[in-house]
Structures are given as C-alpha cells and as structure tokens.
Amino acid sequence: MGARSGARGALLLALLLCWDPRLSQAGTDSGSEVLPDSFPSAPAEPLPYFLQEPQDAYIVKNKPVELRCRAFPATQIYFKCNGEWVSQNDHVTQEGLDEATGLRVREVQIEVSRQQVEELFGLEDYWCQCVAWSSAGTTKSRRAYVRIAYLRKNFDQEPLGKEVPLDHEVLLQCRPPEGVPVAEVEWLKNEDVIDPTQDTNFLLTIDHNLIIRQARLSDTANYTCVAKNIVAKRRSTTATVIVYVNGGWSSWAEWSPCSNRCGRGWQKRTRTCTNPAPLNGGAFCEGQAFQKTACTTICPVDGAWTEWSKWSACSTECAHWRSRECMAPPPQNGGRDCSGTLLDSKNCTDGLCMQNKKTLSDPNSHLLEASGDAALYAGLVVAIFVVVAILMAVGVVVYRRNCRDFDTDITDSSAALTGGFHPVNFKTARPSNPQLLHPSVPPDLTASAGIYRGPVYALQDSTDKIPMTNSPLLDPLPSLKVKVYSSSTTGSGPGLADGADLLGVLPPGTYPSDFARDTHFLHLRSASLGSQQLLGLPRDPGSSVSGTFGCLGGRLSIPGTGVSLLVPNGAIPQGKFYEMYLLINKAESTLPLSEGTQTVLSPSVTCGPTGLLLCRPVILTMPHCAEVSARDWIFQLKTQAHQGHWEEVVTLDEETLNTPCYCQLEPRACHILLDQLGTYVFTGESYSRSAVKRLQLAVFAPALCTSLEYSLRVYCLEDTPVALKEVLELERTLGGYLVEEPKPLMFKDSYHNLRLSLHDLPHAHWRSKLLAKYQEIPFYHIWSGSQKALHCTFTLERHSLASTELTCKICVRQVEGEGQIFQLHTTLAETPAGSLDTLCSAPGSTVTTQLGPYAFKIPLSIRQKICNSLDAPNSRGNDWRMLAQKLSMDRYLNYFATKASPTGVILDLWEALQQDDGDLNSLASALEEMGKSEMLVAVATDGDC
C-alpha cells in the first residue's frame, strides 16, 4: 500500500511540474481565439545519466548501510528494492547544477537496515536499484546487493605440524571458515607475514594452501593461517614445521699402524657423524663409527755370517786370505746387517817373507783403491760423452746448410699437382658386394646404409708442371644442394622424393640415389632445429607438419602416427603469431642410448621452434609401447639438450613443484603439458625384471617373384603407429606386401631372446636355405628400443618356377615367454591389391592443422563458465580438484594448483585426450556427478547442437 501511494505521489508531482498557470489563464480569457499552428519548442532533454550508481554493501553487526546514486538530468530519483518502491519519506534528496553542462544534478540516498535484509525470504540476496526520470524517459541503475557480513569461528581445515627432511617439499593445508564476503587468507611464519614475491621458496596456491618448495633449516618455524574479512579476523592453530637433518658419515680416516711390530696384531680406522651432523632430531648415522681389522707385520730378520771359506794359496805378497758372506740368513724386513769383515788374511810364510806390504785384512786400503778406480772410470765416460756430443752438433749444422741450398733448386711436383692438399683415405667401392649384384638376396635391414660418395678425379700426369702463383689454391666451393631420398637397401631402388634446398647447389653425383638414406636427411634436419627460421627446415610430409597460430590456438597432427601438439586458447600472447612445427625424428642416432634395463618407449618427437614465450602449457601427445598394467615401470621423460646429450625432465610419481611439466599416462599414449618446446622421448626402466613391452609382428613378402628364390621378412616392431608406418614405407620401396595382419606380442624384461622358426614347409616343392632350425634376435636389440626395423629373413627356394603356391607356419616367441604363430598361404603369381595402401591409410584423421575454435570440442563460452565455477575452492570440495579426480587427472594436483586457472589446464588436457573420438558427454557426466547442474545444462545443450 505504501508503495502505491508513493508512486501516485510521484506521478502527481510530475504533472504539477509540467503545468503552467499562464497557459490556463490564457485559455480561460480567450477561449474563442484560434490556437496558433505551432509553438516554440525547447531543445529535447536527454535520458538521465547516472554519475554514481549504488554499490554492493555489507552490513557489519547492526550498523545500517547507505546506498546513494547521482544522475543528471533528472527530475526525480527513487530507489526500488526487491521489486518494491522505497517510501518517499526514506529518501534523502539533494539537488545542484553541473558546472560543465548547467543541467540539474540530483542525488538520492537511502539506508538499509539489518532487519530489512533479514526479513527477505527466498534464495535471492537483498538488492536495490535507482530509477531516474527526465522528460525523455527513465533510466535504471545497476543492482546493488546488500548482504549481512559474517565470518565463522572454526576453520574447515587447519594446518598440521610436520617434521620433514632437508630439501623436501612441505604442504600445509588451510581452508578458511565460511564468511561473507569471502575471507582473505594470509600465512604467518613466526608472526611475520609470508610474501611469496620476496621469498620464492614459498608458494600460495589458489585453494589457500602453503607450499614450501625445498625445506631449509631456516624454515623451521611456527606457521599460522589467518583468515579475515570486514567483520573479523580468525587465526588457525599454529602448525610447527621442523626441518631436520639426518646425520651422515664423514670419509674414513687412514688405517692406524699395526699394533704389533712383529707378527699378528690389529689396526683400526674411524669416521665421524659430521657430514652433516644430525640436527633438529634428525637420525644419527647408521653403522659403526670405527672399523677394526687384523694385520700381520713380517718380523725383521737380522743377518748372519756364513762359514769362512778355505784359505787361498799363498800370494806373491806372502799372504793368503779367506772370505765369508752375510747370507745365513741375509738381513730381511729391516733386520740388522752383519757386523765384522768380509775378508780375513794372514802371512803364509811364518814371517820369513822380506816384503813389507799392507795386509789384505786392512779394509781401509781396499776402500781407497776401489774409490780411485771408480773416479778413473767416471772421468773416461764423461770425456767420451762430451766428444760425441760435439761431433753430433757439428754434423747437424753441416746437414742443415746443405739441405737449405739443395731445397732452393727443387720443385715439389706432387704439391703443385694437388695444390698443397693431399688425398686422405680414398677407398673405391667393392663391386663384389653381393647385395649390389644380386637384388633378389634379401638385405640385412638392421644395418644402416648412409654412405657418402664424392666425385672421383683422375690424377694428372706427373710430368706436367703447374706453376705456383698467389691465386687461391682452391676455387670457392659451389653452393650445396642436398637431395633427400627415402630408405632403400637394394642397388636398384630409386629415391622417392626430393627434399627442400637446405644450403644451395651440389655438383651432380654427390648423392647416388641407390645409397641415399633418411639418416643423412635427419642429421641435417636436427642440426637446423635451433633456428627459428622455418623456411629452410627440410620437411618429410609423412613425418612432419607445421602451421601458424595466434592467441586462439589450434592443433598440429601427423596423420597415422598418433603424434600431435595442442596449442590451447591463450597459450600464445595476444597479437602475436608463431609458426610452429612438429616432426618425428627417424634416425636411430636421434634416440638416447639405453643404460641397464632402460628402454625407449616412444618415438623421438621435436616440437618447435624452441625459446617461444608461452602463456600457458601446450600438450604434446606421443604413442608408447609400455604395458602399463604391469605396474613395474619407472617412467621418465627426457629432452635433448643443445649439445646433443639427453637429460631427464621428470620421473613419474616423483614430481615436485620445480618439475617443469606434467605427464598424463594412458594405456597407449602419454600426454605431456610443456612450458618449453624441444625434442622429447618417453623412456622406461624395469625395477623387478617383470616389466612388459608391447610389440607387433609383421610378415612381408615380395609382391612379384620371377626367380626360384623367395624371401619372407618377419619384422619385430614396437606397438606404435609410427613404427609400423616406417616399415610400410620401407617395404613399399622394396616391392614387398603385407602377407597377414600384424599380431601383438608381449615382450618381458627377462633377458631371453626372440626366437623365430619356420614349420610345415612342403618339401616336395620348396626348401629352406636356412641351415639352423631357428633364428634369434638378441634380447637387448629389442629391449633397448633404439634399433629400428629389426627383422629376420627366411630365404626359400622352389624346385621349379611352376611352384606358385606356398603354405607354411612361422612361429615367433620369446624364449620362456609368449609367442604368436602365422599361418601363411600365398600365391606367387598374384599380387594382393592395396595391402600396403590399406594400412598406410589406416584409421585416424588426415587433417594435419586445425586453427582456432575448430581444434577444440568445448566452445569458448562454455569453457569460461566452467572455469569461473570451478576455479575458486569451496568447502564442499566440488571444485577443480573433484573435476580432476572424475577425469582421472589427479595423479599430482599440485601442478594444477600452481596455475592461474587450474580448471583451464585440466580442460586443455581433456581436449588432448579426446582428440579422436571424444565428445562432450564424458565431461557432462563428470559435471553431473559433481552436482554442477547449471554447467550441465550448457554442456548438454551444446552437445545436442
């Protein structure tokens, strides 16, 4: 009722303002006069324009809030709250003139109390808006919502104290209490506010959790989660984080001397638990602080004299002598030498000798004589050495002088002929190579054939003189042109396709078509990947694709390989366009070398160019051949550095916040979220010898056979589309066809080889040229994954050309493992039509590049609604974390938590997973299970369209 009376009053007031008494009087006095045809009119007044609109407000405790609005030109302004007009008495109105326009500005203000808000029933919040009138009409302002502010006392989840080792990641969870407006969260470390911009070791996630990337000793502290809004401020219980250090042993000291100088004893060495010392309750070092071991010191043996020898004959000096040796035993192990003299002499004439000689028993006389002889010999040796040195020096001087005079008259004809360059290691081809003379003999496809042959020039007659001048020795090299051929192994196999010009023009004959291989092509390609100039990048249409993308994103796909690159919307900065490429590296040299039980599980894929600025991760999809259900794998993603060596990017299930990517592992493919483009490969390692790789076996035979020999080639390949496609391309060049559909084989990490054998051959018409009962492919050749097109060849010979039917069995199995049997029946006179073409055009899209919205299944508008609804965490938990769980992408949620829009990254990954046959139904089902019915309606509507 009050609202109606207020409306009536407003209408009456408007009529009074429009009524002019002078017009009424004139009509009364001269009612009989004719009215003029027209009246002078004032300029039309515009619609009211709001200078100030009411803003959202919160009622704190019992204090009412004020809502105000200003508009011009306006004759009246009234508030309408929840669809009903506010009483005129509740309005406070002020009027003024706008200095710039001279128009009348009206300002109205009302108060909304807590009681008014609480009296409202229904799901909608209390709202008010202004309605302004002018002679031109009315204008409505925005709705301002008035809510009662509050903040609950109890946190939904409080942080818990932890003890963590040094350098480990720490996660402290906090869910603030419910409140209006939503509480802001900050973390305190010992009562100091944590600012991640100042200390990058801290990270605050979108759901208010605190992550310490690498725990330091200084991070040992008390942590408190604080939630606050305009009403109150709440503190959680304090969580104490203790960063401890486990003790580590120092290096062992040197062994002490043996305790016993002679015989058996013991010695010890020590170490201390100081590397590092245990801190903050860390564990003490395990093991002994000292080691003790037995030792044996060989006892010293003192020397002893032997018996004296017999006396010698009497000499001219009238003396005879005798000797002894210190050999009974000799001194050993540091024992003392014998004391006494070696020689003993005495007069042998009983004093009748008249000569006065020194007795031989005088040791000093013998020593003097010996020293004199030594000096004499030394002097002679020195003199001879000096004379020889002088003679040699004179000879060298004379020789050099003669050579200098002789060289001025000599012309080196060989140097003139070759221009100062000498050929090194010229080798001619061997024409006796059976692979070249007999194309029917099956080649060994496991050996690569990247052979370079340069032009051969005939040497000139040595009698011809070429004068030496100051001109360059060699003319400038002509520009280089590289012709690229697909793989071929027989001498008659022509090249299939020419590559793009990479460097220029090369003289004809540099690369013969019968020996050109993909290996050289890929070496040249990988050498140029660092450049962002894509015009000179050689491209193989079957293994590479490129496209230009902007901020709307898109998708690159290599048909028939399962390799693709998804560029999400917003990954490329606004206003920029990148030409991006995706290629599969075919050369074996582009794969990492396997170490131990490690194996390559995917092709080596390059996406580029490197160094691009990306605003959000792109998704690279690669097929793999691991049997993930075995659950005995250690999976790793590796990237190739600029120096060519491979580096580990991430080990699955060992991610940290510093991990630069995320891997979503599916049964047959892995989807990798990348911030940096480059060359990547997926590898695995078995840690208990029970991991299993998926292989596929394919049997090929010649499409036409005009000789008595007939070859069956059995390939053992990784179970990926890329591996089969490469072999199909190879066999097309060899003129082979696929005898039977490829069969799968589970190959176990057991060190057992793969054994192939031929059975049930009709010996009346055929015979096998294989001498052994079976062939084997070594285990490591298969398990490493770095060798391509592994195969064995069974060469058969028919007794006559009239034999055109061949039936046999080929058994392929791993020793003590699984196997497959091929039952072959073929007719040599017939060529199965399209057997290779059918597989080469296997299922899968042939579209290589999709741009903008055409590359995505979720429309941008629906995607934005889903992100807005799920990005913000809530107490019920039906946010982006539950979406990741429903879509089986919750292996490491912290990766998504660090992104500005976790939901957006999850939806990007979902787009990559649904490339081939996905629709919106799976996403709609996940949203329905989460209780997001409003999102479900939008998704279902778009899905029906």
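Heads up, the Cβ atoms here are built off N, Cα and C, so glycines get one too.
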Original post:
In Swiss-Prot, which of the ranges 441-459, 669-687, 707-725 has the region 'Interaction with DCC' annotation?
Top reply: 707-725
Original post:
Looking at Swiss-Prot, which of Cys225, Cys299, Cys314 bridges to Cys262 via a disulfide?
Top reply: Cys299
Original post:
Cys130, Cys174, Cys225: which one closes the disulfide with Cys69 in Swiss-Prot?
Top reply: Cys130
**OP:** Using the record from Swiss-Prot, pick out the residue from Cys225, Cys285, Cys295, Cys314 that is joined to Cys258 by a disulfide.
**Re:** Cys295
Subject >> Per Swiss-Prot, the disulfide partner of Cys326, chosen from Cys314, Cys338, Cys348 >> reply: Cys338
Subject >> Disulphide partner cysteine [Swiss-Prot] for Cys314, chosen from Cys273, Cys348, Cys353 >> reply: Cys348
Subject >> Swiss-Prot annotation, disulfide partner of Cys128 among Cys81, Cys225 >> reply: Cys81
Original post:
When a 10 Å sphere is centred on the Cβ of Tyr581 (phosphotyrosine), how many other Cβ atoms does it contain?
Top reply: 19
**OP:** Pull the DSSP breakdown for the domain 'ZU5' (543-686) and write it out as helix, strand, coil residue counts.
**Re:** 6 helix, 71 strand, 67 coil
Subject >> Model confidence over the topological domain 'Cytoplasmic' (399-945), averaged pLDDT >> reply: 74
